[in-house]
Amino acid sequence: MPTWTEYILYKKLGKTPSPGDVVEIVPDLVGFHDLTGYHVLEVLESMGKVEVFDRERVVVAFDHLSPPPNQRAAEIMVYIRRHVKALGLPNFYDVGGGILHQIILEKYALPGQVIFAADSHTNTAGAVGAFAHGMGATDIAAALKLGKTWIVVPAPFRIDVVGEFPIGVMGKDVALHLLGQFGAEGFNGYSVEVFVETPKAFPMDDRATVANMSTEMGADALMFIPDVITAEYLKTERGVDYTPPRIEPGNYADKYTVELPRLEPLVAAPYSVDNIKSVREVEGVEVDQVFIGSCTNGRLSDIAVAAKILKGRRVKSRCIAIPASYEVFRRAMKLGYIDVLTEAGCVVTYGTCGPCLGGHFGVAGPGEVVVTTSNRNFRGRVGHPDAKIYLANPAVAAATAAEGKIADPRPYLRG
């Protein structure tokens, strides 16, 4: 039987390619944001007439430079808006709409689709079983113009997830565990397929986090095999009826099992995503700033656990909370989470990548220690190159904000 990757590529190509083959493929969806969009459109202009293969299959979002922190950012947005209007692109999300990857997951991605976008964390849509892959501006411009582009066919790698999450453990810890086991380049050239033994024990938000951070693992794509959770998500969020296919075991280059009950809250310590430690090993490190959000951990359940921990408390370090989209913010506000966070002393906005890339809305200074729920912690990622960055799940981040030092969230969640 074919793997899920082979199944998707067969539907597109009419044949089953071998790993390492170079193939041209027609995407179901193409995306870009403000930071990459400028370059995408420049390349598109250099190709002659500015046109796209299918306006309905293009998604554009302002997120990295949103709201514009300087004149140059504003100029870039004006340039992109002009092209969006001229091309008649209907799926455009201006300032405040949200982060591209979250928007694609919420509104567009479907199981079995092929999605390309001009950002490395396009993999996020793999949460619903889409083959989602980030590309550079030139390749995305070609895909927009021609309706196709090339990929090197990855080898399939199987991951089985068994058991249920212990208290205080989230999808972020699965991602960090895999980084600790395989390293930052461990899945280079692989399409990772995740089979969840107990689907209801692994919610969609956590799946999105793991898919998102597969970029840090070097994966070409990471896809959760569609199951009952996928079907429920699509029905609830989109009104789409979906019946998960029966997937029989295929031939995999390698495989690995994640035992959820054996995991504990983890962190990636400076300055590498695979410098993995238990939260107990770094507990007590004083922290200047906490960031809860990003395309990695800015979804509703992430905001919910932060609010649960911070309710009735005041933060002892600066804390910035950014739901990943307008929709997440709206729901969090309706459920009272935004009030809880602001009353705790957090600064809250939505729909921006600013702190994650060290661009604005929370840039770290020299020597500062930052705990963030985002996806990268190399030098200079969140600001000054001397800032120390720890990656953690939202529960760890919230407990850390409450104490002003890295803290284990489990006592807060048990209490």
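From the backbone N, Cα and C atoms, a Cβ is placed for every residue, glycine too.
Listed features, source Swiss-Prot:
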BINDING   C295, C353, C356  [4Fe-4S] cluster binding site
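A Cβ within 8 Å of the Cβ centre of C295, C353, C356, the residues given for [4Fe-4S] cluster, is found for these other residues of the same chain: D63, H64, I99, H121, G293, S294, T296, G298, A324, T352, G354, L357, S374, N375. In sequence order, D63, H64, S66, I99, S294, C295, G359 constitute the residues six or more apart from C353 ([4Fe-4S] cluster binding site) in its chain with CB-CB distances below 8 Å.
Around the Cβ of C356 ([4Fe-4S] cluster binding site), the same chain contributes F291, G293, S294, C295, T372, S374, N375, R376, R381, V382, each under 8 angstroms and 6 or more positions distant in sequence.
Cβ contacts within 10 Å of C295 ([4Fe-4S] cluster binding site), excluding its own Cβ and spanning all protein chains shown: 29.
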